Amino acid sequence: MKKGAGGSLAIVVAPDGGWGWVVVFAAFYCNVVVDGIIYSFGMLMNDMVNTFHEPESKITVVGSLLNGFYLIAGPFVSALLNSVDFRSITIIGSVISCIAFVSAAYVESLYQLMFCYGFIGGIGFSMVYVSAVLIPGFYFDKWRALATGIAVCGSGIGTFVLAPLNALLVENYGWRVTIMVQAGLALSCAGAGILFRPLKPTIVEVPTINPVVMEPKLPEDEPLLTKSITAERKMSLDSKHNAVKIGAPTAEEIYNHLSGRLTPETRPTSISCHSLNTHNQYLKDRLSPDLPEKKLSAVSLRRPSVSAHLMDRDDRFFGGSLSRLPQYSSQVSSLNYAMSVTRIPAWNDAEEGDDEEPCSKNNSFRKNMKKYYKSAMHTLMTMLDFSILASPSFFVLTCSGFLTMLGFFVPFMYISEKAVSMGMDKNVAVWLVSATGLTNTFGRVICGWISSYESIDPILVNNLSLTFGGLYTVLLPFLPYSVFSYYLYASLFGFSMACFASLRSTMIVELTGLELLTNAFGVLLMFQGVAAAVGSPLLGLFKDWTGTYDMSFYLSGIILTMSAVICYPLRRVKKWEDNRKLRRPNSV
């Protein structure tokens with residue numbers, strides 16, 4: 001890539017409105033279905049126990065696999081999103097989960113149910129869930145916190161609606177018909193996915209300096225960036241650590257390089273919203289044999305149209321208010337912000353010139369598949385780089401996330417059955433999970449609102465919410481039984497757990513910075529997914545051994561409290577880590 005060569009960059013800029021609100025409510029619906037089905041699995045367990053004649057802890061594995069794999073598959077789904085688009089992934093995921101649930105309704109073995117409903121269904125739900133959670137952030141910058149908050153509130157509403165619905169269906173028709181209804185709901189997410197219209201890129205025209213009229217001597221498809229990064233091309237990678245973790249300059253830095261201006265104050269000003277093919281048509285017109293001009297500017301012939309891929313953004317997993325990010329508050333427009341957080345990997349080649357010798361369809365297919373593979377693997381390798389665990393502060397956060405998910409699903413799975421065992425009417429007990437979902441919705445809204453203030457410490461809010469949620473769970477078996485005490489617990493637990501879900505990306509950015517958010521989020525998803533898959537069955541074993549749910553709730557509460565306690569000194573750990581880096585400036 002030559003300094004001052006000019007060119008054009010294709011950047012996705014959030015429109016902050018318009019069709020984006022349709023996308024938000026479509027994402028809301030997807031979360032209603034996915035999380036509603038996941039959190040209300042406890043309504044099916046008793047009927048499954050009677051069908052398979054297996055202990056309850058073993059039946060719980062079915063729901064836990066669904067919980068776990070919709071998180072574990074997150075990094076892999078994100079990799080696919082970088083090669084395809086939100087609409088296609090959502091539709092494919094809804095079809096996969098629908099087929100998985102229909103198959104699960106006809107199985108005769110518990111292990112077949114685990115595979116179809118838990119494993120395959122979890123992967124399908126992950127494709128829907130990841131798309132629904134991420135897409136509001138691509139349509140909104142200024143209103144991102146609000147848009148994302150509305151979308152994820154579907155989780156609580158889904159729990160509120162589907163828990164009693166599943167209980168009603170199971171009571172009247174059995175768990176097999178209930179799963180068939182869930183299959184229909186999963187397929188309906190494809191309709192919502194159709195509304196996930198891909199955003200057209202904004203073309204940023206990069207001015208050139210001192211164009212030279214000459215015959216081109218370099219091939220038209222020379223890559224904008226090569227894998228052998230020279231000193232001139234190593235623009236933003238100020239350390240070996242960042243070179244490994246980030247691996248690419250931002251679109252803003254490429255703009256400054258191509259325009260011959262390397263000062264950070266330089267901002268793109270000339271833009272036009274049109275397709276990438278516009279530039280190719282421009283070249284075609286300039287190369288027409290009817291034109292008398294024979295010698296053309298090398299800049300015109302080699303203007304690279306470089307398109308940033310969907311997930312090549314530092315903020316793709318950030319769902320909080322962008323006002324907390326210095327990258328956003330320091331910019332003057334959405335375009336400037338988008339360019340400052342969008343990265344162009346080395347394998348993003350320039351568009352091929354139209355005068356290139358035509359290639360066969362097979363060669364074109366192989367080239368496209370290679371491009372898709374590189375795009376997906378770039379995202380996957382970034383998200384699953386476990387070397388980030390060498391950061392003490394992030395390691396503590398990961399351990400806390402693992403413990404949280406280990407005890408998180410126990411109340412959702414067992415609260416209704418525990419209440420019935422204590423004497424509560426079954427028709428009253430089915431609404432306990434709904435109460436948890438309803439207060440969880442309010443908690444997400446309130447937590448998202450207060451976290452937008454810079455004076456609020458998201459790590460402290462998270463720690464307090466987990467502490468209270470854990471203490472409530474530990475105390476529940478000690479409380480004298482009453483309908484009020486159980487509904488009070490369900491409401492307080494749902495409200496407390498809302499902060500953990502809402503502040504996850506914000507806490508990561510506080511500890512690692514926005515540049516490493518993708519890496520950190522992927523690793524955290526893997527650990528939380530494993531914990532979700534094993535937590536409820538493991539703690540459910542104590543019910544089989546003791547005959548009551550008390551020990552399961554004791555351990556769940558203790559684990560949740562521990563997940564908060566180890567995070568209380570997190571600020572001190574981060575400060576010590578930063579001081580250590582200052583003393584060892586050359587360390588990786």
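A Cβ is built for glycine as well, from the same backbone N, Cα and C atoms used for every other residue.
As recorded in TrEMBL, the features of this protein are as follows:
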DOMAIN    20-575  domain 'Major facilitator superfamily (MFS) profile'
TRANSMEM  21-41  transmembrane segment
TRANSMEM  61-81  transmembrane segment
TRANSMEM  88-107  transmembrane segment
TRANSMEM  119-139  transmembrane segment
TRANSMEM  146-167  transmembrane segment
TRANSMEM  173-196  transmembrane segment
TRANSMEM  394-416  transmembrane segment
TRANSMEM  428-447  transmembrane segment
TRANSMEM  459-480  transmembrane segment
TRANSMEM  486-504  transmembrane segment
TRANSMEM  516-539  transmembrane segment
TRANSMEM  551-570  transmembrane segment
Quiz item: Given the transmembrane segment (88-107), which of the listed stretches 21-41, 119-139, 173-196, 486-504, 551-570 has the most Cβ pairs that are under 8 Å apart from it?
Solution: 173-196
Practice problem: Run the contact check on the transmembrane segment (61-81) against the transmembrane segment (428-447): 3 or more C-beta pairs under 8 Å, excluding pairs closer than 6 in sequence. | Solution: no
Quiz prompt | For the transmembrane segment (516-539), sequence-distant contacts whose Cβ falls under 8 Å of one of its Cβ atoms, 6 or more beyond its ends | solution = 57-58, 60-61, 63-65, 67-75, 78, 245-246, 311, 314-318, 379, 382-386, 388-389, 394, 397-398, 401-410, 413, 504-505, 508-509, 552, 555-556
Quiz prompt | Interface-richest range of 21-41, 119-139, 173-196, 459-480, 486-504 toward the transmembrane segment (146-167), CB pairs under 8 Å | solution = 21-41
Quiz item: Near the transmembrane segment (486-504), which residues from the same chain, at least 6 beyond its ends, have a CB less than 8 A from one of its CBs?
Solution: 149, 152, 155-156, 319-320, 401, 404, 408, 411, 415, 419, 422, 424, 429, 432-433, 435-444, 446-448, 451, 458-459, 461-462, 464-466, 468-469, 472-473, 476, 479, 521, 524
Practice problem: For the transmembrane segment (551-570), find every same-chain residue at least 6 residues outside the stretch whose CB is under 8 Å from a CB in it, and list them. | Solution: 393, 396-397, 399-404, 406-408, 410-411, 414, 418, 459, 462-467, 469-477, 511, 539-540, 542-543, 545
Quiz item: So which residues does the transmembrane segment (428-447) touch in its own chain, when a touch means Cβ under 8 Å and the partner is 6 or more beyond its ends?
Solution: 36, 39-40, 42-43, 149, 152-153, 155-161, 163-164, 167-168, 411-412, 415-417, 419-420, 461, 465, 483, 486-487, 490-499, 501-503
Practice problem: Determine which recorded stretch among 119-139, 173-196, 394-416, 459-480 has the most C-beta pairs below 8 angstroms with the transmembrane segment (21-41). | Solution: 119-139
Quiz item: Out of 119-139, 173-196, 459-480, which stretch has the largest tally of CB pairs under 8 angstroms to the transmembrane segment (394-416)?
Solution: 459-480
Practice problem: Could you tell me what the rest of the chain brings near the transmembrane segment (173-196), counting residues at least six beyond its ends with Cβ under 8 Å? | Solution: 22-23, 26-27, 29-30, 33-34, 37, 43-44, 47-48, 51, 85-87, 89-91, 93-95, 97-99, 101-102, 104-106, 117, 121, 124-125, 128, 131-132, 135, 166
